[in-house]
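S.K.: Feature annotation from TrEMBL assigns transmembrane segment to C:6-28, C:40-57, C:63-82, C:89-107, C:140-158, C:178-205, C:211-231, C:238-258, C:264-282.
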Amino acid sequence: MSVLSAYRLVRRSSASRKVAVLAPLGALVATIVLNLCLYLAMGKDAGAVFHAMLVEPLVSWSSFSEVLLKMTPLLLIAQGLAIGFRANVVNIGAEGQFILGAIFAASIPVWFPQATGGWIWPLMLLLGGIGGALWAVVPAFWRVRLNASEILVTLMMSLIATQLLAYLLVGPWKDPMGFNFPQSVMFQMDATLPLLIPGTRVNVALVLALVVTLAAWVYMQRSFQGYQLVVGGLAPQASAYAGFAESRAVWLSLLIGGFAAGLAGAAEVAGPLGQLQRSVASGYGYAAIIVAYLGGLNPIGILFSSLLIAILYIGGDNAMVSAELPVAAVRVFQGSLLVCYLAAITLVRYRLVRVKSEVRA
Amino acid sequence: MPAPLLSLRGLTKTYGTVRANRGIDLDVAEGSIHAILGENGAGKSTLMKLIYGVETPDAGEVIWRGHHVALSSPAEARRQGIGMVFQHFSLFETLTVVENISLIVPGSKAELTARIRTLGQEYGLEVEPRAHVHALSVGERQRVEIIRCLMTDPKLLILDEPTSVLPPQSVQRLFQTLTRLRDRGVSILFISHKLEEIRSICDRATILRDGQVTGNIDPREHDAHDLARMMIGRDMPETRPAVAREPGELRLELAGLDHQPDDPFAQSLSGINLQLRAGEILGIAGVSGNGQGELSRLISGETTDPAASDQIRMMGQPVGHLNAAARRKLGFAFVPEERLGRGAVPEMSLADNTLLTAHRQGLVRRGMINRLREAAFTARCIADYDVRTPGPQAEAGALSGGNLQKFIVGREIMLAPRLLFVSQPTWGVDIGAASAIRRRLVDLRNDGVAVLIISEEIEELFEICDRIQVIREGRLSAALQVSQTRVEDIGRYMIGAEERAGV
Amino acid sequence: MNALTFVLAGMLAAAMPFLLAALGELLAERSGVMNLGIEGMMAVGAVIAFLSVHHFGTHTLGFLLAGLAGAALSLVFAWLALTLRANQVAAGLAIGILGQGLSALFGKSYESRTVAGLPKLSIPSLSEIPVVGGLFSQDAVVWLGLLATLTIWAALRFTKLGLVIRAVGENPSAARSLGYPVIAIRYSCVMFGGLMAGFAGAYAATVYTPLWADGMIAGRGWIALALVVFATWMTGRVFFGAVLFGAVSLAQLAAQAGGVNLNSQLLASLPYIVTILVLGVISSNRRLLKVNGVASLGKTYIP
């Protein structure tokens, strides 16, 4: 504390762009150091963990393709969430919207397992988006009409979605030939996404996520509607003064966020999973919150942060195998990364100034 | 000459790049009322915060009753015998009067209640100790602040712009209280920018300009012109008399408007009647907190009230149900009293802040922002309205209050409105810029624009308005022709004496 | 034992995780700070307490360490939100994610292990009354929890400290101009919140369900947050809300045991559904929120 109290934060006259780029990098370095210390304390070989987590995912094409596969849902969800966060609509229930997207998409192969045709997977993606958006209708209505915090309602909706998924998988949607495992039938060929790169599991959803990124960039940087959302997030009173409707901003934010998360959920079941199963709810919705903040809520920044978090996921799997590191270490890494990032970005708006000598009495 | 109660030597305070106080020297004698006179931004408030220990100086010394002291916190200042009444009161609305006082005065609630009553009678500061602060008028709140200070038994009482929230008659009552305090040995530091007040009550005046002392005088020996010159460094700008003009069509009409706000602490409005025509300036006077905020939100469309749709008419159309954007489409423009966070987004550049209301001036096409036009519009506003800034990309939050006000006024005038509404046009603006803004408003009137002004400065309203209405406790008086009205008449409406007299 | 007797006997214990966490958050919010990381602080408290009880066999030490762990995590939050002026929502989420990760990491090798709970301390004669008697037979933490509720209620209502906390929450700049150290007061309130969340987690993991399972807090931290809103920042209402949720979660168990034919996922969702519904009802009363609310809640204070 004594070191800190010798300094004071002084607001910059405008945000520093240089620091805005450097802060995430500094935060990443600090996080790596902190976590390596943690691994050492746990008696692990820190060098091996570091190598497995952050180097291995990048050295072979097959593992990098897995990174791209992981990155896709993170990128999709985070782009949607970031738009809401900038409008000060804090949707932390992407996990539930993602699950609903997966459920809606799975309804086609579950109900029509014999259907064929090239229209099936696009329809599944669309349904997934709609499912996610529908799950966001409740928090939107609650906030606009009932003045209730969307933070709590979106989170509660996620917890309910998990139960709904469990219900479907042990009940009506359980695969009758599945040895009583809580999972649906395997989807037919036409109900899975076309692969993008032969020999890998990377599918068209990656292209979709990149297109969404570009669209989000144009929307937030160039469109007047995006501008209105940002005004509402920064200064709600200025928004009312200009006559931008708050209710529209809330609806837009939640529906966009829900749609993007639902899309990601659909792409997950129609992509790498190929069936609806419990592991679809593996925390992408929560990780995407970190991705969104880490990318500075900026569509391009999010492109990089989603890549980083995806590397960590794959690297965490590697470390579990090679260094016997529990999977939970990845969550600790993510959490501490966000903590370090939030600490670092203070310097984007503030300068650290050494407090001058004490005043004479 | 006896040693002064308080002496400051070379007091300096810097905020970031702003040098708010530079080498201030000041001597306050025992048992005197000492004025600190200066324009907005001259460094008066900073100086008071240094004396009261809210801020600590970067350099300089404080000598209190002959001893060097370090006033490191308000608690320390109070312990030494310094009390302060803030301009924006440091009271807590959800607490009662006695709870507010117990925050800095030790003692049981019963004891404090009794002392509040006695002090109130002694100094003409009556207030109900058990009332919640949110239920009190601004004048009553000021009394609570003063009582709270007196209960710490101060030797020096600092009052920051105490008259800015009072109607003229209450100012007299406050002055009586202050004189009585001085006669009992309490020195008073009286901060103001109102020259006549200082001449009428103060024994001594120290004048600040740009954070430095520019004069130390007996105000009774100088006239207002001398004081003004010391304060702003040149003569007061001349005001231009308005050209008499025949009012045109009705641009704004409030007919029997009633409103019950959602906010339980806000003032409700009842039976508001107002008519404003093209080519005239109508002013709304009143002590702050009497419903100005609620009224301006209803007129601007920040508060919509579908039930009162027909009670608010602009350019002949009912607009009560329309939001701010829809009203602006009819030719309405508005400068709110809060600049940061309402009239402008602090974190956004000036260019992006023009977009807030000027987007209909061809800055947006097919939903996309045209950055070139946005920059051109902003540059024109900065040049035409003398906004001192590095450029259109500077963040609004980095501008001084006065410059930001010039920017917002400029932006709204550039929308070529048919009806312009300005709330507190010159709050926090230096004298030169204030007179420039007033001149712009009069020009607009002469060009046939209908102008509505809410202000707490009666002098300002008298200078530019054709007619004045007074707001008090959510009701609006009938319109008074400025040419046939005296300031004291307005003052009577402000405190409600007219109603009691049955007018 | 019929369902009513069962619910009455157990609802106070079931309420404890909600109550302790919500009381801590209540104080933090009263001072103007919203800490969304309760779930994570509870998770860390839970794992620390479980590990200590498992190894040392004493609940006192377990609770103590859990409280310290929760407070330590809340200190990180306070540093971000108060010293570094980070967005309170983001900082709370970060702490929540970090806490849940740490909990899973430390608890990894204890999955499905059990520890002994706490014995009941009964009030003689009262606890023998039929049906309601169970209310008077509770473990030590429940009795302490009731005492804490009373203490916090009285402190906020009658003491100078409570007055200062309310003042800081309503208007931090005014409080500072009177000379109160706003940041330090907020630090203390936030850390008290962390301490209580740690206790709440400890109770959940070592007394209420003394069995380790990853993710055992299961949203109770979020419900505690919602409780503070339901209660419109009043201590007494926090208590009744917590007991209500305790009763709901027990009723769910009783219903399953009693063979009521409702599917278990729907029953498990019940607390969340109730939360959403109540939140809608309370929040729509804007006047109530304004009168009882904390004016500066969630806003970054810059001295």
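Any Cβ shown, glycine's included, is placed from N, Cα and C.
Those TrEMBL annotations? Automatic predictions, nothing curated.
Please situate the listed features within the shown structure.
M.R.: Remote same-chain residues near the transmembrane segment (C:40-57) are listed as 17, 21, 63, 65-67, 69-70, 73-74, 95-100, 102-104, 106-107, 110, 113, 115-116, 193-194, 197-202, 204-206, 210, 212, 215-217, 220-221, 224 (criterion: CB distance under 8 Å, separation of at least six residues from the stretch ends).
Nonlocal intrachain contacts for the transmembrane segment (C:89-107), taken as residues 6+ away from its ends with a CB within less than 8 angstroms of a stretch CB, comprise 34-44, 46-48, 50-51, 73-74, 76-77, 80-81, 212, 214-215, 217, 221, 298.
Residues 12-13, 16, 19-20, 23, 26-27, 30, 63, 118, 121, 165-166, 196, 199, 203, 207, 235-236, 238-239 of the same chain, all 6+ positions outside the transmembrane segment (C:140-158), place their C-beta atoms under 8 angstroms from a C-beta of that stretch.
Among residues of the same chain six or more beyond the transmembrane segment (C:264-282), those with a C-beta under 8 A of the stretch's C-beta atoms are 219, 222-223, 226, 229-230, 232, 245, 248-249, 252, 255-256, 288-289.
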S.K.: Contact between the transmembrane segment (C:6-28) and the transmembrane segment (C:211-231) is defined here as three or more C-beta pairs under 8 Å separated by at least 6 residues; is that satisfied?
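M.R.: Yes, these stretches are in contact.
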S.K.: Are there residues at least six beyond either end of the transmembrane segment (C:6-28) with Cβ under 8 Å to its Cβ atoms? List them, or say none.
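M.R.: Contacts of the transmembrane segment (C:6-28) (Cβ under 8 Å, skipping residues fewer than 6 from its ends): 34-35, 38, 41-42, 131-135, 137-139, 141-142, 145-146, 148-149, 152, 156, 165, 186, 189-190, 192-197, 199-201, 203-204, 207-208, 217, 220-221, 223-225, 227-228, 231, 233, 235, 238-239, 241-243, 245-247, 249-251, 254.
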